[in-house]
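Asks: What TrEMBL shows for this protein is this:
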- 12-33: transmembrane segment (TRANSMEM)
- 62-93: transmembrane segment (TRANSMEM)
- 100-121: transmembrane segment (TRANSMEM)
- 141-163: transmembrane segment (TRANSMEM)
- 184-200: transmembrane segment (TRANSMEM)
- 206-230: transmembrane segment (TRANSMEM)
- 251-284: transmembrane segment (TRANSMEM)
- 304-362: domain 'PDZ' (DOMAIN)
- 409-564: region 'Disordered' (REGION)
- 411-445: compositional bias 'Polar residues' (COMPBIAS)
- 458-469: compositional bias 'Polar residues' (COMPBIAS)
- 470-484: compositional bias 'Basic and acidic residues' (COMPBIAS)
- 496-513: compositional bias 'Basic and acidic residues' (COMPBIAS)
- 516-527: compositional bias 'Polar residues' (COMPBIAS)
- 533-555: compositional bias 'Basic and acidic residues' (COMPBIAS)
Amino acid sequence: MEVIALEVLRAIGRLFIHPLTYIFILAAFLLHIKRVKIERRDFHTRAVDVISGVLSPVPKGLLAALIVSTIVILAGIQLPFAIAPLFTLIWLIQFAFRNAAFYSVTITGAVAILITPFLPNGGTDIAIVDAWLAQLAAMDLAHLTYFVVLLFVTEVFLLLIDGATSPSPRIVKSRRGKMVGQQVAQRIWFLPVLLLFPVGDIANAGYWPALAIGTSITFGLVLFPFVLGIQVPISSELPKAGVKTLARRQLLIAVLVIATAALSVVSSIFLFATAAILLVGRLFTYVQFARRESQHTSIFNTREQGLVIVGIIPHSIADKSNLEVGDIVLKANGAPVATQRELYEALQLNSAFVKLEILGTDGQIRFAQSSVHQGAHYQLGCLFVPDDEAGNLSLRGLRSSVVVHKDRTELSTGTTTQPEPLESTSQNDVTTEHQNSPADKSQQVAEEAEAATTLEEPTSNTALETDSSVAKEENQSDNERIEANEETLLIEGSDSDTKLLEDTKPEPKRIEEVSSADSESNSTQEESAPAEDSQKEEAKPEADSNKQKDAHEKGLPYGQAAGLSSFYEEFKKGKSD
């Protein structure tokens with residue numbers, strides 16, 4: 001048991017020193033990087049990230065490798081170590097196709113069986129190469145044939161079990177030039193298979209079946225890296241149905257190659273027949289299936305009612321709501337949808353919750369509802385066929401499309417959205433907005449005085465007479481003071497301020513009814529005003545403006561009737577008391 005355990009550890013170490021192990025991993029990464037680029041080009045997002053695409057087939061591949069290794073050990077299938085360089089050279093040629101279907105080592109094994117008899121036995125004058133060719137010439141092709149058939153049968157079962165998992169959505173042009181959806185079943189399974197080779201410390205116990213290890217007395221174990229793959233476009237049916245159709249056809253070929261391999265006991269010619277049938281039959285099924293898909297109408301196309309789901313982003317709202325590829329979204333939040341723009345507008349009706357009406361692939365209508373969290377995909381994780389030939393739009397492009405469509409609709413119907421009327425503002429608000437204008441400030445002071453006089457009515461005729469007499473006595477002194485201020489401000493005022501105030505010179509406002517005595521006094525003064533005063537006012541517009549500015553700065557009323565200033569001062573004094 002210690003010897004076997006040691007050989008198993010050596011086998012694991014030999015796996016990591018083989019170059020094909022790293023070449024297969026690199027090929028898987030490159031293939032899924034290309035897949036992500038195509039998905040971003042078609043949908044502005046990726047359906048599956050690179051790491052998930054590489055690692056998701058690993059569990060199924062390891063399980064298949066365990067089953068194959070068990071069969072190989074029990075059957076005693078032995079392969080020489082010289083098969084590793086041959087497989088590496090052939091597979092590097094397959095790698096140039098950049099297609100997972102051509103990465104399968106079933107093609108590599110079939111080609112190796114067909115070309116091995118034609119390889120020379122040596123004569124290259126290179127010792128290493130001559131030794132390698134000699135080992136290949138001494139290899140039992142029956143062991144290699146049985147092993148390749150076993151790998152092909154394993155590939156067929158992997159197709160049935162895991163072939164339709166995580167297909168890649170694409171947007172392609174149909175024969176009529178329309179944009180349609182397509183699913184690409186793309187999987188790569190990595191199989192580290194435990195093989196027997198005639199170098200090691202394990203002795204032949206003599207209990208091997210007919211396929212014994214030949215003349216070797218001892219043998220060893222090695223974990224040899226193999227890879228199986230599938231890549232096929234599917235558009236006329238759902239991915240699961242398409243992969244099963246392909247798997248059934250390859251299963252017929254598997255049965256045929258098993259029969260021909262069994263006949264190799266009779267004649268070795270059936271070994272080459274088995275390899276030829278496997279190689280041609282596998283290639284024929286893929287080509288014929290792809291041709292059939294190109295001739296049939298795609299089920300992922302635009303419709304008058306509803307949106308067909310081409311792909312679903314894992315762990316999104318659509319995935320959690322059990323939506324599937326091929327489902328048709330009829331309504332979103334109660335609004336019918338036929339384009340991605342309509343779906344986006346319907347989702348904005350309720351940004352925190354969504355309810356979808358779905359027509360399933362079984363023809364039954366069902367409802368799916370879910371809460372919408374911040375950062376969720378703007379289409380809930382669903383990928384659709386583009387609305388027009390320009391292709392799918394990103395989130396920003398879809399928003400712009402909604403705005404443009406709304407504007408075009410308004411222009412075509414002749415209806416425009418009228419702006420809301422501004423709310424009326426009071427005179428005080430207007431004054432506040434233009435508080436830098438001296439003319440408006442003086443007008444505000446006058447209006448406040450008018451409002452104050454209208455609110456406070458005299459309670460007796462005696463008070464009115466007293467106010468009138470006081471106003472008459474102060475009239476002359478006010479006029480003299482105003483004239484003095486005019487001369488002072490005319491000298492000291494700046495040119496810029498004078499020009500500004502000249503443009504905004506207000507008309508003096510008259511207090512209409514303070515009392516009957518004031519009205520008579522004011523009217524008498526207006527009639528008896530000399531013509532010289534009017535000429536002086538016309539000759540000195542700058543002095544008027546400076547007078548207005550000075551009155552504003554000193555807090556004096558301006559633009560009021562003569563004699564009213566004393567009344568206003570007395571009114572403020574009485575109000576404060």
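Quick reminder: no glycine exception, Cβ is built from N, Cα and C everywhere.
Just so it is clear, the model here is predicted, and its values are computed rather than measured.
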Asks: What stretch, picked from 100-121, 141-163, 184-200, has the most CB pairs under 8 A with the transmembrane segment (251-284)?
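Replies: Between the stretches 100-121, 141-163, 184-200, 141-163 has the largest tally.
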Asks: Per DSSP, how many helix, strand and coil residues does the domain 'PDZ' (304-362) have?
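Replies: DSSP composition of the domain 'PDZ' (304-362): 12 helix, 20 strand, 27 coil.
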Asks: Find the average pLDDT over the domain 'PDZ' (304-362) in the predicted model and report it.
Replies: 93
